[in-house]
Amino acid sequence: SVGFKAGVKDYKLTYYTPEYETKDTDILAAFRVTPQPGVPPEEAGAAVAAESSTGTWTTVWTDGLTSLDRYKGRCYHIEPVPGEESQFIAYVAYPLDLFEEGSVTNMFTSIVGNVFGFNAVRALRLEDLRIPPAYTKTFQGPPHGIQVERDKLNKYGRPLLGCTIKPKLGLSAKNYGRAVYECLRGGLDFTKDDENVNSQPFMRWRDRFLFCAEAIFKSQSETGEIKGHYLNATAGTCEEMIKRAVFARELGVPIVMHDYLTGGFTANTSLAHYCRDNGLLLHIHRAMHAVIDRQKNHGXHFRVLAKALRMSGGDHIHSGTVVGKLEGEREITLGFVDLLRDDFVEKDRSRGIFFTQDWVSLPGVLPVASGGIHVWHMPALTEIFGDDSVLQFGGGTLGXPWGNXPGAVANRVALEACVQARNEGRDLAREGNEIIREASKWSPELAAACEVWKEIKFEFEPVDTI
């Protein structure tokens, strides 16, 4: 007789272990599972645990050569989703040894690599991950983090201001640099390459880097403040990306940028290491995130992508606005904003946080609010995001009727007015419009901006609900 029982057996016999007590070193995952009709929750949950760890569809004799008990993922808890008959949350624990140290790429390949195409489930969404300190400690994380960035820039006690240069495609390098200079001179801290600006025929990367560096140094000398422009180093190969980052360092600029989802985690982690070694800040754009996170019952929630970025490394990341054209749901957005900035975040299901997350000493990431925001949103943004954030106004700067520099002035005046009002104890949520109106009496630039955008709102139902 053979030494193992051949054939197909139910996953739940091996991978559903409700009595399992999770270890401090386990990586924990919360999946929203929509099973095929007729598949019981325990079997579907166990199937997810199996397919994302040691399992395959049939028993194999080589199982006898290893200790499955030591290496298997376990579905240890199942709970219903309120209001959704056909869905449930499956909690899965993965032993730490299943993952390569310091590789977000490997973590994702294991946890979400194969199982999402799996037949026993109709749809699957990874809602959250608990990353144990034992694993976090194998990552460098953000190149610098929030405090070091403030010290480098000498900017304290307020959110930072940015602006994406528009039109995003089509400007020549010289005109692009001019737009950068105008915004920085007017009072912004940063300007930004759009995520799709890499190195196209109308503007090659080296020319853009040169003219933007000139704009940075000229505006710095005129304003006496430290300025930056997120130079997008994203490229078709890792080698080319690093080459661009090296050139940025040689120019002496403070910050570069990367599209971490389209560029990939391997490239992103390499760039983050380079940035820490060479004193560059790293701005992260999340282009392509909605492909992964927008569907409510399939994909991976953005809070998972945000945690992954904090491990891979970045000093800023776009995180939705709560107001404006890319509206996130407020509590959920604030949940992952805290996961980006804080050292320790308590489990809180009302904010979509499924696990208590202890980041130990990993530096924090500044959330960037960007997309359809303008001066009238400033009080709400200051109130919601607090000091440790970057508020980015693209059209909200360049669309000011008098031009870029006055548009930048308007944003800076509005921000300073909001910060002062808050520090004086006024309620930004209630008195926001009044605060902006008062400030505009002293600033014609702000008054002009207020006039243009007095009625603009982008109002759609949020897609993401708990």
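Glycine is treated like the rest: Cβ placed from N, Cα and C.
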In Swiss-Prot, the residues Asn114, Thr164, Lys168, Arg286, Ser370 are said to bind substrate. Which of His258, His316, His318 is said to bind at that same site?
His318
Within 10 Å of the Cβ of Arg286 (substrate binding site), how many other Cβ atoms can you find? Include all protein chains, please.
23
Listed recorded positions are Lys5, Asp194, Glu195, His285; which of them have CA atoms within 10 A of the CA of Lys168 (substrate binding site)?
Asp194, Glu195
Nonlocal neighbours by CB distance (under 8 Å) for Lys5 (N6,N6,N6-trimethyllysine), same chain, sequence gap 6 or more:
Thr59
Given the recorded positions Asn114, Thr164, Lys166, His318, Ser370, which lie within 10 A of Glu195 (Mg(2+) binding site) by CA-CA distance?
Thr164
Within 10 Å of Asp194 (Mg(2+) binding site) (Cα to Cα), which of the binding-site residues Asn114, Thr164, Arg286 do you find?
Thr164
Do you see any of the recorded positions Lys166, Lys192, His285 whose C-alpha is within 10 Å of His318 (substrate binding site), and which ones?
His285
I need the neighbours of the Mg(2+) site defined by Lys192, Asp194, Glu195. Which other residues of that chain put their C-beta within 8 angstroms of the C-beta centroid, in sequence order?
Thr164, Ile165, Lys168, Asp193, Asn196, Val197, Tyr230, Asn232, Met257, His285
Quick check for the class: what is the C-alpha distance, in angstrom and rounded, between His285 (active site, proton acceptor) and Lys166 (active site, proton acceptor)?
16
